[in-house]
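Undergrad: Straight from TrEMBL, here's the annotation block:
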type: TRANSMEM; residues: 12-33; note: transmembrane segment
type: TRANSMEM; residues: 45-70; note: transmembrane segment
type: TRANSMEM; residues: 91-115; note: transmembrane segment
type: TRANSMEM; residues: 153-172; note: transmembrane segment
type: TRANSMEM; residues: 184-204; note: transmembrane segment
type: TRANSMEM; residues: 224-248; note: transmembrane segment
type: TRANSMEM; residues: 260-282; note: transmembrane segment
type: TRANSMEM; residues: 314-340; note: transmembrane segment
type: TRANSMEM; residues: 352-373; note: transmembrane segment
type: TRANSMEM; residues: 393-410; note: transmembrane segment
type: TRANSMEM; residues: 431-454; note: transmembrane segment
type: TRANSMEM; residues: 460-478; note: transmembrane segment
Ligand code: TRP
């Protein structure tokens, strides 16, 4: 490569490199573990519809901005944001966004490896016949048991950390791209097998009704909020992952088209996971609102009652573990890229040193389920705090910052070049990134702080009034914020 840049000229090797890696990042525990149980909890179809709207209205424009930043800056998120802002002649305060997203990715991974460890330990239990309880209570006891011993739980989360670091340490092409190239198709095949069984289980019609019957009366304002938050999480936004991957995207590729592909694949896989899980749940007469334990308690119980259940269970947990791994590697890529570019060390070295710090933090998170269950602050364990701080603060704030930076503070020409959209396409993107994203994020954020409930915003005249006000203020401010002379 001839470009001299922070990524050392590394690019995805294959035509599908970026799409596979970014889809691998997006498709994770969020799709297979969280999305089905949230849909169950918040009442089905209406939740799904709002979630889809959020993906389209907030997720897609923001993901496009992140990729554009990464590719324009050609460096770790820290460096990329700094460079893009510098190129536009903006103030250095914006570079805090790069740092924030890198730290956010690291924090998410610190608790994500614990959940991925559950998945891996369940795979082992499925293989060794350890999921043999015949009641929900029995399955719950197995889950508790699995958590109770720090050595046991620590073993599995350590294993996840190790594998993640091994893959990332090998490099962008040799490690990340190579692993996603077989894990992603593998996952889809396994999901298809599970859906195939779902169709014949007798619960398929009920599952389809449950997922796609849009009954708005059932959606609470909390469900609305959860749908928005989940749209962020499931697309891996505002945590450095997509921006770091964007830095390796070859120049000629259309950012809009790749973003659509990733968002559509992510959504399809979440829906497929629903179509794989709910038929089994319904066919065995179980409660779809099983909460976070849905796939660790209700689902194994359903499998235990099915012919070939053990085999399907193994397929399920292999798939879940792979989904978790392809996400885990994306969360740490920002940190690795930053260490390599700022300290001039090898990727391998960067991976091992990051791995040690990650192991320490994730061990603390793991202890929240046993020894450290009482080490709480404000009623939250360390694990809960990592989850809470990232999903309620760092991600929304980072997303808000990025949207404001991309929409208002940067010279329009810069991202216009990078995105290369038609006139109308760019105008639409700009409208979304300037007004729709910030407004939606502010609403999530305010609600998280408990200052206001969403009820106000769900009344559409208020929402419309707020949006109008926002547009007027924004259009008045934006030329004043960009005070550099044109070129
Ligand atoms: N999107 C992944 C999931 O659905 C999780 C994930 C990967 C993530 N990378 C991220 C979440 C970065 C936030 C930020 O499971």
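Placement of Cβ uses the backbone N, Cα and C atoms for every residue, glycine included.
Keep in mind that what you see is a predicted model, and the values were worked out from it rather than measured.
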Undergrad: For the transmembrane segment (260-282), which partner among 12-33, 45-70, 224-248, 352-373 gives the most CB pairs under 8 Å?
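TA: The stretch I would name here is 12-33.
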Undergrad: Who are the chain neighbours of the transmembrane segment (224-248) in space, where the CB to CB distance is under 8 Å and they lie at least 6 residues beyond its ends?
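TA: Sequence-distant neighbours of the transmembrane segment (224-248): 6-7, 10-12, 17-18, 21-22, 25-26, 28, 30-31, 34-35, 38, 42, 47, 50-51, 54-55, 58-59, 62-63, 66-71, 73-77, 80-81, 98, 101-102, 104-105, 108, 172, 255, 262-263, 266, 270, 327, 330-331, 333-335, 337, 390-392, 394-396, 398-399, 402, 440, 443-444, 447-448, 454, 458.
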Undergrad: Give me the stretch from 45-70, 153-172, 314-340 with the greatest number of Cβ pairs under 8 Å to the transmembrane segment (91-115).
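TA: Between the candidates 45-70, 153-172, 314-340, the best contact partner of the transmembrane segment (91-115) is 314-340.
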Undergrad: Residues sitting near the transmembrane segment (12-33): Cβ under 8 Å, six or more positions beyond its termini, same chain?
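TA: Answer is 112, 115-116, 119, 172-173, 176-177, 180-181, 183-184, 187, 230, 233-236, 241-242, 245-246, 248-250, 253, 258, 261-263, 265-266, 269-270, 273, 277, 292, 294-295, 319-320, 323-324, 326-331.
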Undergrad: Taking contact to mean 3 or more CB pairs closer than 8 A (sequence separation of 6 or more), are the transmembrane segment (153-172) and the transmembrane segment (314-340) in contact?
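TA: In this chain the transmembrane segment (153-172) contacts the transmembrane segment (314-340) - 3 or more Cβ pairs sit under 8 Å.
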Undergrad: Would you mind listing the long-range same-chain contacts of the transmembrane segment (45-70), meaning Cβ under 8 Å and 6+ residues beyond its ends?
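TA: Contacts of the transmembrane segment (45-70) (Cβ under 8 Å, skipping residues fewer than 6 from its ends): 35, 38-39, 77, 80-81, 84, 210-219, 223-224, 226-228, 230-232, 234-235, 237-238, 242-249, 255-256, 258-260, 262-263, 266-267, 271, 274, 399, 402-403, 406, 415, 418-419, 429, 432-433, 436-437, 440-441.
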Undergrad: Please tell me whether the transmembrane segment (314-340) and the transmembrane segment (184-204) touch - that is, whether there are at least 3 C-beta pairs under 8 Å between them, with each pair 6 or more apart in sequence.
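TA: Between the transmembrane segment (184-204) and the transmembrane segment (314-340), which are separate recorded stretches, there is contact, as judged by 3 or more close Cβ pairs.
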Undergrad: Residue list, the transmembrane segment (184-204) vs rest of chain: Cβ under 8 Å, 6 or more residues beyond ends.
TA: 20, 23-24, 27, 269, 272-273, 275-276, 278-284, 306, 308, 312, 315-316, 318-319, 322-323, 326
